[in-house]
Amino acid sequence: MAASGGAYAAHLPAVPDWLNKGDNAWQLTAATLVGIQSMPGLVVLYGSIVKKKWAVNSAFMALYAYASSLLVWVLVGFRMAFGERLLPFWGKAGVALSQSYLVGRASLSATAHGGTPRTEPLYPEATLVLFQFEFAAITLVLLAGSVLGRMNIKAWMAFTPLWLLFSYTVGAFSLWGGGFLYHWGVIDYSGGYVIHLSSGVAGFTAAYWVGPRLKSDRERFSPNNILLMIAGGGLLWMGWAGFNGGAPYAANIAASVAVLNTNVSAATSLLTWTCLDVIFFKKPSVIGAVQGMMTGLVCITPGAGLVQTWAAVIMGVFAGSVPWFTMMILHKKSALLMRVDDTLAVFHTHAVAGLLGGVLTGLLATPELLEIESPVPGLRGAFYGGGARQVGKQLAGAAFVVAWNVAVTSLILLAIGLVVPLRMPDDQLMIGDDAAHGEEAYALWGDGEKFDATRHDLSARVGGGGMMDREGSADQRMSGMGARGVTIQL
């Protein structure tokens, strides 16, 4: 309170004329919601969806990615993604730490297009730095899902800052910060390409170079706590209100449309995926429902504030069926997909769903909503008179993101591999968390295997085989889910 009066107020007013309190409050709220998706959302989800012996390591990889991203972001990353133009695909590096920079009005200097002025939200630069950090962090956390259960934690600690600097900032500047794809008119409303296509492709590439899990882990990777997995997934879904609702940089009409469309698409996709599970596998899968929720959220992201709500339903149907097909059917027929051990199938739920959403946005984006959100005049989806031109731009933008992530992710990992092994040795992989961290999540026997009373010497304590029957039944259910396609999701 003292800072709001006296000499301080005379030189640095707490509420400058350009500050919109409502926009600032919403943007900070949206940033917090996106942060909750990572911390604790994905930390909880990763720690519960893997085998018990990998719970600590998986949660820590997400935790470390989140923390390490912030320092890199404020030191150089933010301005490489949203600062002045250095190259058509990259901004000039610079710090985002000083008062003189952070308390001024937010500005994306490279976004001026023709006679359209640059984007200048009605809040301080500090708010924009925080909001965009949350996006950068969650991209790395999502990427981690591809390499859980075997990546050397020291290699991961080296990988996260390098990938943020040399891969994420390029996609963010090219599509959002005023780069060549932004000015050409490629549409990515809130990260279908920048976040999801990037994390899915980079994760798949990383999984290729790191190598697979142990054969025993690939064959049986049952979640250690499905209820906690649902809780983590729920935090993701609710947090997506900030993910897509914060993209317009204002509490405006597009934000309202985006939040509604996000929920409609997620629900539709979840139901579609579940129905396909019931039709083909005779039972609804809880893991499958979370997968469907995720693909619905990812698919709507490139066009959440740019399409009508009936279009969000259509996108949800595609989101619940196309990734389902690639994961459950195509995966088993592709030698490459079978060879690469993408632990949580991030390629299917993020890369496939993100690309699908980008293409559907090129078809379904309305000119009225695009006029609110894009400085590039004349943009419209193919169904509104845009023809094949916008779809072609969407495909070209995706091709750039895919090529850059494959190349840069490969180079980073090959360089790290010269210094430290990318994969943990097999003897440590047999142990898991205790070998990697000297800690374990649960002081309990068993790691997804079928209960054997003679092996665990508990026959005297099991009356009438009741416990064995219950454990065996649960184990068979998990085995059945693994036999349907990829072992685990997300």
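Cβ from N, Cα, C; glycine included.
Those TrEMBL annotations? Automatic predictions, nothing curated.
Annotated domain 'Ammonium transporter AmtB-like' per TrEMBL: 25-442, in sequence order.
Annotation source TrEMBL lists transmembrane segment at 25-47 (among others). Under 8 Å from some Cβ of the transmembrane segment (25-47) lie the Cβ atoms of residues 55-56, 58-59, 61-63, 66, 121, 123, 127-128, 130-131, 133-135, 137-138, 141-142, 144-145, 148, 228-229, 231-233, 235-236, 238-243, 245-246, 249-251, 255, 344, 441, 490, all in the same chain and six or more residues away from its ends.
Sequence-distant neighbours of the transmembrane segment (59-82) (same chain, 6+ residues past either end, Cβ-Cβ under 8 Å): 38-39, 42-44, 46-47, 90-97, 108, 128-129, 132-133, 136-137, 140-141, 143-144, 148, 151, 153, 156-157, 160-161, 164-165, 168-169, 172-173, 176-177, 437. What TrEMBL lists as transmembrane segment is 59-82 (among others).
TrEMBL lists 129-149 (among others) with the feature transmembrane segment.
Residues annotated as transmembrane segment in TrEMBL: 161-184 (among others).
Listed by sequence, the residues of this chain that lie at least six past the ends of the transmembrane segment (190-211) yet keep a Cβ under 8 A from its Cβ atoms are 135, 138-140, 142-147, 150-151, 155, 159, 163, 167-168, 171-172, 175-176, 243-244, 246-247, 258, 298-299, 301-305, 340-343, 346-355, 357-358, 361, 397-398, 401-402, 405-406, 409-410, 413-414, 417, 422-423. Among the features that TrEMBL reports, transmembrane segment is placed at 190-211 (among others).
Per TrEMBL, the feature transmembrane segment maps to 223-243 (among others). A Cβ distance under 8 Å defines the sequence-distant neighbours of the transmembrane segment (223-243), meaning residues of its chain 6+ beyond its ends; these are 29-34, 36-37, 40-52, 55, 135, 190-191, 259, 262-263, 266, 286-287, 290, 293-294, 297, 301, 441-442, 448, 478, 488.
According to TrEMBL, the transmembrane segment annotation covers 249-273 (among others).
Per TrEMBL, the feature transmembrane segment maps to 285-304 (among others). Sequence-distant neighbours of the transmembrane segment (285-304) (same chain, 6+ residues past either end, Cβ-Cβ under 8 Å): 49, 187-193, 195-196, 223, 226, 229-230, 233, 236-237, 240, 243-244, 247, 257-259, 261-262, 264-274, 277, 311-312, 315-316, 318-320, 323-324, 327, 345, 348-350, 352-354, 356-358, 360-361, 364-365, 481, 484, 488-490.
Here TrEMBL flags 310-331 (among others) as transmembrane segment.
What TrEMBL records for 343-365 (among others) is transmembrane segment.
Annotated transmembrane segment per TrEMBL: 395-420 (among others), in sequence order.
Sequence-remote contacts of a segment are chain residues at least 6 beyond its ends whose Cβ falls under 8 Å from one of its Cβ atoms, and for the transmembrane segment (249-273) they are 20, 22-23, 25-27, 106, 119, 121-122, 128, 189-190, 237, 240-241, 243, 288-289, 291-293, 295-297, 299-301, 304-307, 309, 311-313, 315-317, 319-321, 324, 369, 372-373.
Predicted-model confidence for the domain 'Ammonium transporter AmtB-like' (25-442) is 94, expressed as mean pLDDT. Counting same-chain residues at least six beyond the ends of the transmembrane segment (129-149), those with a Cβ under 8 angstroms from any Cβ of the stretch are 27-28, 30-31, 34-35, 37-38, 42, 46, 50-51, 54, 57-58, 61-62, 65-66, 69-70, 73-74, 77-78, 81-82, 96, 102, 156, 160, 163-164, 168, 172, 191, 194-196, 198-200, 202-204, 206-207, 210, 213, 217, 221, 243, 246, 342-344, 346-347, 350, 429, 490.
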